[in-house]
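Below is one structure, written out as structure tokens; the observations come after it.
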Amino acid sequence: MITLFRQTIRKQFLVIMVAMLLLLMAGAAVAYLAEKRLADEYMEERRKMNEKVKAVGLVESSFKHTIFSMRGYIAFQNEEELQQAYNSARKLKEAMRKFKPLASSSEEKQLVAELAEFNGTYTNQLVPKAEALVKAGNYEGVRQLSSLGTTDQILSLIQAVEAEKSGLNELIDQRYKQFLEKTRALNAAVAGYFVFVFAVTSGAVWLLSRKLGQPLQELTAAAEKLAAGGEVHIRQIKRKDELGVLSAAFVHMTKTIQEREHELTAHNEELMMQQEELERMLAETEQMKNRLLEVDQLKSELVSTVSHELRTPLAGILGFTELMLNRSLNQEKQKKYLTTIHQEAVRLTNLINDFLDLQRMESGAFACSFEKVDPAPLIEPIIETISQTTNRHHFQLIDQRSKKWLSGDQERLIQVFTNLIGNAVKFSPQGGQVAVYVTNNEKNMLIKIKDEGLGIPAAEIPHVFKKFHRIDNSDRRKIGGTGLGLAVCKEIAEAHGGTITVSSEYGEGSVFSVLLPLWEEKETTVNGERSDEYIDCR
Amino acid sequence: MNILIADDEEVLRMLIVDTLEEEGHVLTEAADGHEAIECFKEKTFDLLLLDYMMPRMTGIEVIRKVRETSDVKIVMLTAKTQQRNLEEAKEAGADFFLAKPFSPLKLIELVTELEER
């Protein structure tokens, strides 16, 4: 993020410093000017005063000289003295002219006026009078003239001038003291001003640093919280300096981090879901693998079983044949052996046929041709054929149908009924009744084959339709069989969309029930030559 | 020799009985493992001909049971597919194996050989 620092902290400090410098410089300048003016004023005043003092001194000395020379003339009648007196009087006049513009107070002005008046009177009236008197030698007149108060006036004037002189000197001293005081006061003011400027600057710096410190602390706290993994809600500080920029950057960073974090969390959740999915799939794969292993095991068991089942009759056939070939046997034995060989060969053939049938059905390579089938004419010849092999059983066909036709493959159904009725005979070695019931409901035809034979133990019932499954019972082992008959029956029934079930009471006999769908006339009309169609049974 | 034949197949028992009785042996039949064990409780035998695959009790289980009390010679009748189980049978105590389908003449030879030992 590129940002222009419009009002940097450095600039703020710089402004404060420059302001302080300017204030100090201005203060110093003002102080300098004020002091200069004060000094100038003082010097000017002092110059004037000195001038005044000088003027007053000149007035005093010329006045005294005038009086002194005049007195000398009067006393000694010396013309030189008189000339001196006139010269001094001129000098006094000159000094008076100089002093007059300097006289500022009313006393001074009065003194100037008095002196001017006296001087006028003295030089214009008294001196010429005294000169004339002296020249006339009239000292009485001189005494009278001086007793008219001239001397007193002179003395008081001299006094006044001296007082003025000393007063001026005092004033100079006083002014000097005042000047010193003012200078001191000014210095104090300057010092105070500097302290003030320093205090203001310090205050500004303090405020600035406080303004910097607080948001920094907040940012630090927020950063620590963020680092600890907490949710941070920080407002952007509206400032134009580095802190404003830092705050904006921090807020931006926080937002980005939190967004990333949310993104990460979402991503993480997705990953976890994916992992779960993967685990689920893995479990499925594992299950499938186990199932495949199971299938594989079943397959190898099947191979082993088939091998055993094939070898057993083969062993009989080969064994008896070898005996017949190698031994001279009597007729009876020969017949017995041949019968056995024949039986075993038939058994082998049946086994192979059943097994191949079952394989075809299971692999889906077997098709049924469905047609209108009346089950009774199918069952009757089967009963007829089987009844000829036994004299212990009696057979019954109980036809309770309301509908005549079922939908099925005639050849396959013959196979089923032959198998079931044959089993009913085989597994009732003591004989008894074998009954075949044919009934129906709205949709299905039910054919039940009931015997009074050995029955099936309850635990074995779920397994009787499995391939090569034989009930572990020595009685049954004496009864031959491929172990495939019922499995074939089940495949055929299911291929018809029907079912085959068994119920049995061990020792009391069994009932096998075959449920097959009824023939539906509509199908024929709709599908036309339905009976010719071959449908994959699976 | 006094021989016990244990096989669930009646035809095979008949074949073996007919084959060996002609050679002068005395044969007893057992239709499964349990019957074989029962026979061993009643009599002693010189030779046991034992089918491998029998209901209720397998040939191996019969061997283990028989070997608890007897050191009778045992010949197992097996199909070739059971070859992988022969080791187990040998460990359990079977002495010889005869593969099904077997030749009766070979059986006579084997029994004669065992008798002569």
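Note: Cβ is positioned from N, Cα and C throughout, glycine not excepted.
Within its own chain, the coiled coil (A:257-295) is flanked in space by residues 226, 231-232, which lie at least six positions past its ends and keep a Cβ under 8 Å from the stretch. The annotation coiled coil is assigned in TrEMBL to A:257-295.
What TrEMBL records for A:210-262 is domain 'HAMP'.
Taken from TrEMBL, the feature domain 'Histidine kinase' applies to A:305-520.
Marked as transmembrane segment by TrEMBL: A:12-34 (among others).
Through the fold, the transmembrane segment (A:185-208) approaches residues 9, 12-13, 16-17, 19-20, 23-24, 27-28, 31, 34-35, 38 of its own chain, all at least 6 residues removed from its boundaries and within a Cβ separation under 8 Å. What TrEMBL lists as transmembrane segment is A:185-208 (among others).
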The domain 'HAMP' (A:210-262) - residue tally per DSSP class, helix then strand then coil: 39 helix, 0 strand, 14 coil
Per-residue pLDDT averaged over the coiled coil (A:257-295), given as an integer: 92
